[in-house]
Amino acid sequence: MPIKIDKKLPAVDILSSENIFVMDDDRADHQDIRPLNILVLNLMPQKMVTETQILRHLANTPLQLTIDFLYMSSHQSKTTRAEHMETFYKTFDEVKNRYFDGLIITGAPVEHLPFEAVDYWEEFQRVIEWSKTHVFSTLHICWGAQAGLYARYGVDKHQMTRKLSGVYSQLADSSNLLFRGFDDEFYAPHSRHTEVLKEDIVNLTNLEILSYGEDMGLSVLASRDLREVYSFGHMEYDRDTLSKEYFRDLKAGKNPHIPENYFKNDDVHTTPALCWSSAAALFFSNWVNYAVYQETPFDWESPENDVSFFAYL
């Protein structure tokens, strides 16, 4: 089913070339259904790349979605044109009086900093607090997951001895709706310098560990009501994203190790196999369907007609 986005967004041409169904406002407004409203807080430096990655998976869901992009006004992007941000993104002040069915918070390359040292940390905390009463389910990704846990529960991240980079096998709790239809094991890319330890969250009875791997530790956590989902990997990554990160770091003189389980025979000149796309599509689809669509109020403007939402607050 289609996603409803601005037809001028650069991702539209890419998605259309992949036979992914996108529609503009005029066509969507003539359909007599309520689309789900999804807000994406894009903290990644390459905004347009991340937009396409996220939208590609959201478009695989069987529901019509209206997507808005959010940026932190307390931070100035150095890698994306101001014109793009002004055209396609909203500030928190512009959305804070609205309700959203879902919120996606991406990763960010700020792991080396304490959370409080991130220049948009105070604004990020306001978004998290606002989401408790204005968003039905929030999907946190990588640093977004670590930051969400810290903002909500005070759980800190830990520095790893070396960067975790590669495609890793992890176990899935297929009894949970987020992993319905999954095999016992699935693969996903991970790319991070820090981690959240299992022992730091086992006493948080509101959270469940849904996916774990021997080589990369925690992969996915969620609250029991699925209003909070924390994914420490990057299921949204393209085939070549880890490759681009590797060569970027190599050029910068960081002496990176070759991403694990990625290049055939660790030959960096080969094309990496794409072995996580179907699992990623199913994960995003399950989140939209089971965590958002099946539970969110139909009429946000008249919440008294649907008290199920407020039972969670």
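Cβ coordinates come from backbone N, Cα and C, glycine included.
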Binding-site annotation, Swiss-Prot, substrate: partner of K163, R248 in S137, S191, S223, S231: S191
Taking residues K163, S191, R248, which bind substrate in the record, the widest Cα spacing (Å, whole number): 14
Other C-beta atoms that fall within 10 angstroms of the C-beta of S191 (substrate binding site): 20
Cα-to-Cα gap, S191 (substrate binding site) vs E111 (site 'Important for acyl-CoA specificity'), nearest whole Å: 11
Spatial neighbour of E236 (active site) that is closest, considering only the recorded positions E111, C142, K163, R248 and their CA atoms: C142
Sparsest Cβ surroundings (other CB atoms within 10 Å) among the recorded positions K163, H234, R248: R248
Where S191 (substrate binding site) sits in the secondary structure, as DSSP reduces it to three classes: strand
